[in-house]
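What follows is one structure encoded as structure tokens, with my remarks underneath.
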Amino acid sequence: MLKIFNSYTRLQEQLEVDKKKTINMYVCGITAYDFCHIGHGRTFIFFDVVVRYLRSLGYALKYVRNITDIDDKIIAASLKNNESYISLSNRMISNMKDDFSALNILPPDSEPRVTENISDIIKFISILLNKKHAYVACNGDIMFSVSSYLNYGALSNQFSKILNKEINISHYSTKKNIADFALWKTSKSSIFVGWNSPWGNGRPGWHIECSSMCRSAFKNKIDIHGGGVDLLFPHHENELAQSVCIDSNFSIKHWMHTGLVIINNEKMSKSLNNTLLLRDLLTQYDSEIIRFFLLSTHYRHPLYFCYKNLSNSSKLLKKLYLSLRGVDFDIKGLDIVDNFKTDFYKAMNSDFNTPLALSILLRLSKEINKFKLIDSNKASQLASKLRQLGSILGILLKDPEYFLQNNFNCNNSIIGKINSLIYERDKARRVKDWVRADRIRKELLELGIVLEDTSFNTFWRSLQ
């Protein structure tokens, strides 16, 4: 049975679903003010694997991933770029979709935008006001009253005296409590983006946006709510508080959070100017290499980025593709592959242990290489299973020859020379000119190319 670490209880818990095997999953998406970076890649590739795995188990999954298309950062960036917030957010959403498509991240079943949910947001704020969980600040903003929700802080475990400390209103004129946060921000100037509401022209606060979109998609039942660990507090803490205060029957069974990305021993952040954009990384590495690298660390652990580790992921993925070379991997697998499948699913059932799952794929590839020499039918059965299990992780989806040749670091003229030499060597072998055939093999070896002869073809691979 699948067990998931729940950020709320801090325990691994069994995923329990209804008789129809339906699962509702909501993941906080991007704020569309800049290009996506490797932190986005880590989070959304991981939840893409969750989607693929749950569906492979036969669950009827509904996956919703929102887009924040109005926000302080979006407004600031649009003013800096001298473009409308709509133009900026649409441009960044388009770039996100290009990046995610390149990384083979499956699109969600629904991708709601904040600006499409303003009426629902206003309705939910009104409910919070009527229930005395919110108040109108002296500047006209609508604030959530943290002290009205006794369980505040339980999700993130970030308790502090300051959360319940009444403060001097002259210092924080919009708040009764320093932890209170905005549900609705009233327009303060002509450049302020806003919508009409019972409280005047304004726009929603960040946290109420997700509460609204969650409830619109799933009502009161969410099985999995995910996002990066940087969202745990205050965003997810505040989101949960609002949602429960709107309706006490609201529940989220499992909270899941991906770990931080560390670059040069520092947390990756825009303030430190050390972000690595996905689009830049995709110009240097195949998308499957990036996926392999990001899945090589357990999703809850910090991921330490360095190019050496990316290169190592490239070598390991090439090993998997090399084992698929020269076999019929579309053949149906039989009993001999059951042990690998069992081990793979056991790893994934243990809180999505993708590093262990990848190691099982590498073990399977060694078995394929062994049977290539003694039993081609068994090799094909194993290769079929490798391809199938790899697809759950979003890898091994390409033609092996295409992948291996396109990830060999040289230009087309050198690849052409390699293929030409292999052709000349094949001609020499057909007329039993072994001296010439061996000379060409040595010439290719000097280029860093190793040949692999099979009964029906000759393949090459790089020593890089």
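Keep in mind that glycine also has a Cβ here, set from the backbone N, Cα and C atoms.
Quantities reported herein were computed from a predicted structural model and do not represent experimental measurements.
Quick look at what Swiss-Prot annotates:
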- CYS28, CYS210, HIS235, GLU239: Zn(2+) binding site (BINDING)
- 30-40: motif ''HIGH' region' (MOTIF)
- 267-271: motif ''KMSKS' region' (MOTIF)
- LYS270: ATP binding site (BINDING)
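Among the binding-site residues CYS28, CYS210, HIS235, GLU239, no residue is found with its Cα located within 10 Å of the Cα of the residue listed as 'ATP binding site'. The Zn(2+) site is set by CYS28, CYS210, HIS235, GLU239; from the centre of their CB atoms, other residues of the chain with a CB within 8 Å are TRP206, HIS207, GLU209, SER211, GLY227, LEU231, HIS236, ASN238. In three-state terms derived from DSSP, CYS28 (Zn(2+) binding site) belongs to neither a helical nor a strand segment and is classed as coil.
Cβ-based crowding with a 10 Å cutoff singles out CYS210 as the top-ranked of the binding-site residues CYS28, CYS210. Cβ crowding, taken as the number of other Cβ atoms within 10 Å, peaks at HIS235 among the binding-site residues HIS235, LYS270. Summarising model confidence by region, the motif ''KMSKS' region' (267-271) averages a pLDDT of 79. The DSSP secondary structure for CYS210 (Zn(2+) binding site) is helix.
Sequence-distant neighbours of GLU239 (Zn(2+) binding site) (same chain, 6+ residues apart, CB-CB distance under 8 A): HIS207, CYS210, SER211, CYS214. Across the motif ''KMSKS' region' (267-271), DSSP helix (H, G, I), strand (E, B) and coil residues number 2 helix, 1 strand, 2 coil.
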